[in-house]
Each structure stands twice: as structure tokens, then as C-alpha cells.
Amino acid sequence: MLRGRSLSVTSLGGLPAWEAERLPVEDLLLFEVSWEVTNKVGGICTVIQSKAKTTANEWGENYFLIGPYFEHNVKTQVEPCEPANDAVRKAVDAMNKHGCQVHFGRWLIEGSPYVVLFDISSSVWNLDRWKGDFWEACGVGIPHDDREANDMLIFGSLTAWFLKEVTDHADGKHVIAQFHEWQAGTGLILSRARKLPIATIFTTHATLLGRYLCAANIDFYNQLDKFNIDKEAGERQIYHRYCMERASVHCAHVFTTVSEITAIEADHMLKRKPDVVTPNGLNVKKFSAVHEFQNLHATYKARIQDFVRGHFYGHLDFDLEKTLFLFIAGRYEFSNKGADIFLESLSRLNFLLRMHKSNVTVVVFFIMPAKTNNFNVETLKGQAVRKQLWDTVHCMKEKFGKKLYDGLLRGEIPDMNSILDRDDLTIMKRAIFSTQRHSLPPVTTHNMIDDSTDPILSTIRRIGLFNNRTDRVKVILHPEFLSSTSPLLPMDYEEFVRGCHLGVFPSYYEPWGYTPAECTVMGIPSVTTNLSGFGCFMQEHVADPTAYGIYIVDRRFRSPDDSCNQLTQFLYGFCKQSRRQRIIQRNRTERLSDLLDWRYLGRYYQHARHLTLSRAFPDKFHLEPTSPPTTDGFKYPRPSSVPPSPSGSQTSSPQSSDVENEGDEDERYDEEEEAERDRLNIKSPFSLNHIPKGKKKLHGEYKN
């Protein structure tokens, strides 16, 4: 029986030590297989890329990623090199000799993990034979007209072939292979059918059928136990893909999902309860100075304010210092991403702010890529007018400053009328004239191709948010991903997020949700739901998420209208906060980032690997069926200082204020003291062998 050394897994201040039996990684090889290795398609690439550094630090030269070869990606992301591992080198050479093009190198990301990349196009001639092998292995046929499924079969067949070559030359080393999503699942199915001596893990980040059903506006979560799965998959012509996914799940030694809500979904859709929930993390970079992220917020907020000045020229009758910037970002899935409920709540928020005569203005950005043909002319003109006005003012400032300087040298206080001559007044009048506008500021920065049928624009027309002067809520649709080279809003996504006040992501279908997690790590409050993995994670392990800047909308047990009202109240409460309260809240939000660090959450992947070894090689590896660290009944406590919103304070004014309250509540707040208390209060969020609530642990769970 192989036994490793005891390892204390805690590299973060305040997080509890986790005494785990360390795997003998020097005697193991770890492979992670995904279609998104060096090939960004969606969020799985973010998972693998962000986790690579932590995993590479743990496994060293025995960690490899397997993915597809695309020349345009490899040229900029991969540094070719020769495999140092003897078994991997022999496997690559053997496959190349048989006509397969296998590329090896280091992925140029943090951790620099090794990558093995298969050129799918070089092996297309094997497709018919491999289809026959796959049919014999699991009885699933793949249509000729499904190009994606055919590519996945080639990729999986090459993966199984490669793993066979590796195990033939492994010299006693045990192999772990983790497969992400159904695209990589064919390799798992074929490996198990051929009885390769490898320990397998299958991870689903979202079920295939779940995405299709939610996109069709079906009451998904309340109907989970009522769906005829085979019928639903057949009607959508994805039955063969569903069978590939389900076979992968049932062939794996260990099945994992990224969140508890996805675990419940997978139990119904794929008919197997996940063995381990492995939450997604991020690489958290701490600043040396405590307030540095607050300074970055001020810097990038000023750049967003510059854009707003140009976009709303001629209608800039609101105070930018009392303006809040909200945003929603992600794929253009109108219902799944919650853009529908967000727009409706903005209409209600606009009514509340106007009714209470609030002097707070809310500018909302929709960063969702859609089909466009060019920039909006009015938007470009606005930025040009702003820049021209800025240059004019700078010229006048230099002239004004020289006259003031000369007057003070003479010991005189200059007469303002003598400082500004007729030419200056003419220039100022021309500048004012150039800012006149006879149309409303546009609600979109680009010309939309499907303007009349676009869901966001159609909803804006229905609710009447046209950026009128009387509207306290202004809307801007930016149908492109952000870029620092853009002539309109020259900012990267991270810079833009840091400059905003609140991210709003009221998703209906979100297996994890990286966008609110990224906000948390950057110290920006966010809105999420109890149907997202991130929302469930925070709701379960933080006593008062709102106090820490995590607003969780109930979209599972409330009607759509009630959920919309709840979101509206969250937004209205946020608008009522003073500047000091927002600063305090951002400090608390940033402190939650430790919970999302891969150095902390990576332990659940470690447990999954240990579990699969104990099931695949029970005579060599054993996992003690003892309860890992758990926090039953514990939650990250509510802060004891000033409340995050005025609901419990002395004033009930809906207006934001720059004047700080001097009451006892404010005096009780000591940032360093509270930060230290928070660090000591962070606990392990859930049991390593986590089983979804309401599900009993299967007998012999730790046995093969």
C-alpha cells in the first residue's frame, strides 16, 4: 500500500490547515484532457488556464495537458520542446511514425505546463474505422453531418491511443487522466473499453441538455424530475451527443461537477450523482498596499467618466461624482444570462429614483457581443466633441494661467474681465455651441445588424429607457468585447470592471459564473443568483453575503416578478449607500477573494485524484473513509461594524451623500481590525466528499 507524506494545505493567511495524505506524485503521471487547451471557446479554458500554475507547482514535470492543434493558436501560445518524460516521448514518437501529427511544448501561461496537441485534420482518414470502434465500445453512432461530433471522435480516439502508448512505457508509474466535458469524453470511453490501466475522472461544467432546455425558456429547475431525457435530446437532434456525455459520466471512476446546483442537474440529466464537487477558482494576486485596489478603482472610474462625458454630451445635466456605473457582461444569451430580468428591474429602479427625487444617476453598460457593421456615428462624434473641448480648455488654461501669473508677480489681483478677452469669450461660446444636441444620446455604441429584432433593444423600446434627461437610469449597449485599442472605450475588461461600482449577473443558467467571481477578486460588489454555482457557494458559506458585496437574487423559489422586485430592491439599496459605505463594502468584498483562490480550492481536485486512484488501483491506494474537515453549521460571519446600506442606519434618505456620518456606527469601523477578524473567521467551505443536499452517500463510496 502506497502512503504519502502528510501535507498541510494552507498557503493563505487565515485559512485553516488541511491535513491531507499527500499523493506520491513522483510515481504518478497526471493528464488533463480538454478541447479548450490552448483553444479558448468558453469558460473551461479559464478554469484550466487559471488552475495550471497551482497544479504545475504540485505535480512538476509529471503534469500534462492534452488538447487539439490549431496553428494560429500554437504560434502565439506554445513554445515547442522535446518531452523530458521517457514514456511521453516514446508515445509521441510512436504516433508520429504512424502518420499522426502530435505536437509537444510548453503553454505560455502561468505555470508553463506541458501540452500534447493532436492535429485532427491529419487523422481524418481514420474516421470511419474509429466510428466502428466507438460503436463496438458503447453502441453509439455518430452522424456524418455532425462535424463537431466527428472531430470529437477523432480527438478522443487519438487521446486513447496516446494514453495506451504512455501506459505501455510508464515503467510502473500510475496514470491519472481527467476529462473535461463531453468533447473529451470519447477518449475516456475508449480507454475504459480497452481496459487501459489508468484512473479516470470526468468533469462536467454544464450538462449538454441543460443548456439547450434553458435556452428554450423552459421552467428548467422546477421540471427537472419530469423531463423525458431521451425524448428531449432526440427532438433537439443531439441524442448522439447526449449519449456520448452520459456514457462518459458512467465510465469514469470518479465523476465531478463544478457546483452544487450543477450536481443536482447532473443527477437528473445524466443519472449519476457526482462524487466530488470541485468549485472553480482564480489566481488571486494580492497587492502589497492595502488600499491599492481602491486607488485602481478611482483611476479607472475616471476613464469611464471620460467616456460618459462624450457619450452624453449635450445632455450632461447630472453630477458624475454622484453617478454609479453598473454593468453586465458575457455571452449574448438574453434569458440565460438574466438580461431580461435586469432590464425590467432597471425600469423599476428608474421609477423609484425619480419618485424619491434622488440625485443619484445610474449608468448601465451591457457588454455582450452581437452582430454589428460599424461604430455608431453619434457615439464617435460624442468622443470627438469631448476631446476637442478638452484641447480648447487646455489652450485657454495656459493663456489664463500666464496672465494670472504676470498679475500676481506685479502684486495685483487680476480683474477677471481683463484676463478673458473677446477672443476667449468667442472660443467659449463656440465650444458651448458645439455641445448642443437635438437628439437623445444613443443606447448603443454600434450599428446593430438585427436592430429591429435584437432582444435587448426591443426590451429597451418596451420599457422606454431612451436616456431622456428625466431618466435617472441611463443604458449603453456595447455589443463588442472591450479592448484597450478601441476608439470609443479604450479599456481592457479588467480595467473596466475595476472602474465600475457594481456587476450585475442575474443568470438563470450559470453552472459556476466566473464574472461575479472576478468582480469579488477585484473588490467590486456583484449581483448573482441562487441558480449559479458561485451564488450557491457564497450563500452557503457567508452568513450575510450582502454585507460583503455579494447580492444573491432568488430565482429558484420565487416567481419571475418577485425575483425582479428583489433585484430592484438590491439595486435601490446600493444606490442609497454613501461613498464611505461603498468603500467599506469594497474592502470586505476583496477580503472574500481568499475563498476563491486555487491554492485553497485546488484541494478538492486533490481529493478527486486520490479517490479515483483508490477506485482504479484499490490494492495500491487506499482512501480512509474518515470525515474530512467540515463546517456544518458554520458560516462566514456578518461584519460587526457599519452596515453596508442605510437600512439600519440613522438616516433613511434615498440620496447618496459625500458627507460622512459621524454616528457611533461609523466610529466602530476599524478596517485593519475587521480585516484581521475576517481572516481568522474563514473556514473550509464544505466537506471534501461532498454529496448534494438531500442525497444519501452510497454504500462503499470509498471503494472501487
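The backbone N, Cα and C atoms fix where each Cβ goes, and this holds for glycine too.
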Residue from S8, S335, S452 to which Swiss-Prot assigns phosphoserine: S8
Listed in Swiss-Prot for the alpha-D-glucose 6-phosphate site shared with H291, E292, Q294, H297, K301, R582, R586, one of H205, H394, H478, H501: H501
E510 (UDP-alpha-D-glucose binding site) in three-state DSSP notation: strand
Diameter of the UDP-alpha-D-glucose binding set by C-alpha atoms, the set being H205, R211, R331, E510, W512, G513, in angstrom: 16
Annotated UDP contacts K40, R331, T515, maximal Cα-Cα distance (Å, integer): 16
Closest of K40, R211, G513, T515 to E292 (alpha-D-glucose 6-phosphate binding site), Cα positions, binding-site residues only: T515
The one of H205, R211, H291, H297, H501 whose CB sees the fewest other CB atoms within 10 Å, among these binding-site residues: H291
Rounded inter-Cα distance in Å - R331 (UDP binding site), H501 (alpha-D-glucose 6-phosphate binding site): 21
